[in-house]
Amino acid sequence: MPRRSPADPAAALAPRRTTLPGGLRVVTEFLPAVHSASVGVWVGVGSRDEGATVAGAAHFLEHLLFKSTPTRSAVDIAQAMDAVGGELNAFTAKEHTCYYAHVLGSDLPLAVDLVADVVLNGRCAADDVEVERDVVLEEIAMRDDDPEDALADMFLAALFGDHPVGRPVIGSAQSVSVMTRAQLQSFHLRRYTPEWMVVAAAGNVDHDGLVALVREHFGSRLVRGRRPVAPRKGTGRVNGSPRLTLVSRDAEQTHVSLGIRTPGRGWEHRWALSVLHTALGGGLSSRLFQEVRETRGLAYSVYSALDLFADSGALSVYAACLPERFADVMRVTADVLESVARDGITEAECGIAKGSLRGGLVLGLEDSSSRMSRLGRSELNYGKHRSIEHTLRQIEQVTVEEVNAVARHLLSRRYGAAVLGPHGSKRSLPQQLRAMVG
């Protein structure tokens with residue numbers, strides 16, 4: 001296979017990477033015929049990096065940094081982005097935090113200026129802390145009022161117990177209420193340093209021009225002698241057994257999530273696991289959707305989910321149904337999981353699931369924002385860019401035999417589960433569910 005030269009158009013379009021002093025990485029992907037540009041500062045710190053006493057600090061800080069900098073108020077920041085019709089936002093996850101902007105390519109210098117100012121110079125002023133504390137508490141209350149969102153946090157806590165990935169990203173009303181300005185400032189100073197950061201951009205972007213902008217705005221933070229932090233490995237160990245959690249609530253429906261612990265994203269059978277998840281409950285033709293909804297009409301919403309972290313993961317099933325149908329939903333769900341664990345999926349199901357993964361991957365990367373996100377996550381998680389073509393090849397190499405071996409290995413494990421609905425005690429829950437949790 002010939003090497004790509006700089007004159008080769010394919011080589012010119014390949015993602016580029018520069019490591020600056022201090023360990024800050026800049027990765028870009030130029031997309032021809034795209035007028036927009038997306039840029040994000042990815043920080044390799046998330047909710048799993050907090051101590052239990054400051055649960056929610058990463059998310060609280062993400063809110064707080066937008067309130068003011070030494071040269072801009074929150075209104076100044078908002079008006080500057082509104083004036084160019086762009087988007088400026090952020091999100092916090094278990095293992096990272098991202099501050100990003102989506103603008104016209106010609107407005108990229110402004111976007112870099114704003115994002116860098118927020119990330120590096122957010123003031124954490126005392127008055128701002130109290131105002132934003134109330135905002136976060138309202139967000140927690142809103143999440144608790146949404147059964148599906150509340151159940152997602154309950155399930156991970158039931159599955160992982162005291163392990164950091166089992167704690168809600170948003171924290172709790174109790175932890176956020178007592179968090180101090182000093183704790184938030186300490187978190188910012190310790191973890192928001194260049195070696196923990198990746199600046200990723202995609203779209204109408206010039207790599208060398210972006211590197212120059214980053215040098216300008218990160219300035220004195222780029223101290224020589226530091227190297228990028230290696231991709232996260234995690235502890236590799238989750239103590240304790242999964243459990244069953246019930247929250248009794250007067251509601252029209254019963255909501256349930258149940259699932260198993262899996263290896264993390266670096267597992268050699270990671271894509272076979274993704275195929276298994278897709279065949280189980282990842283689409284309209286999946287086993288669970290067909291058996292629970294289409295054939296029996298027991299629930300409107302039923303699906304599977306796969307969450308992968310550095311050292312662990314969760315394969316789960318979610319369903320919502322009328323309380324009187326809960327036992328039937330659990331009976332059918334248990335039958336499907338037992339059948340797949342025992343007999344596996346078919347060659348046809350494997351092919352459909354692989355096609356769904358391939359199509360979803362490519363269709364989900366047709367804009368600059370999604371490309372930027374892929375660049376940032378790949379750099380933080382793996383320390384390098386993983387091309388779309390590489391991922392597509394990995395999916396294509398999955399065989400039905402590998403998927404079924406993964407199913408036998410994982411689906412016989414002890415399950416964790418969370419239930420939210422009008423049920424008075426765990427003893428009143430379906431026997432099939434209690435048996436799976438053990």
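Each Cβ is built from the backbone N, Cα and C atoms, and glycine gets one as well.
Given the structure is predicted, the values throughout are model-derived calculations rather than measurements.
As given in Swiss-Prot:
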type: ACT_SITE; residues: Glu62; note: active site, proton acceptor
type: BINDING; residues: His59, His63, Glu139; note: Zn(2+) binding site
Euclidean distance between Cα atoms of Glu62 (active site, proton acceptor) and Glu139 (Zn(2+) binding site), Å: 13
By the 10 Å Cβ-neighbour count, the most surrounded of the recorded positions Glu62, Glu139 is Glu62
Of the binding-site residues listed (His59, His63), the greatest number of other CB atoms within 10 A surrounds the CB of His59
To test your reading of the Zn(2+) site: which residues beyond His59, His63, Glu139, same chain only, put their Cβ within 8 Å of the Cβ centroid of those residues? Gly56, Phe60, Glu62, Thr92, Glu132, Val135, Val136, Ile170
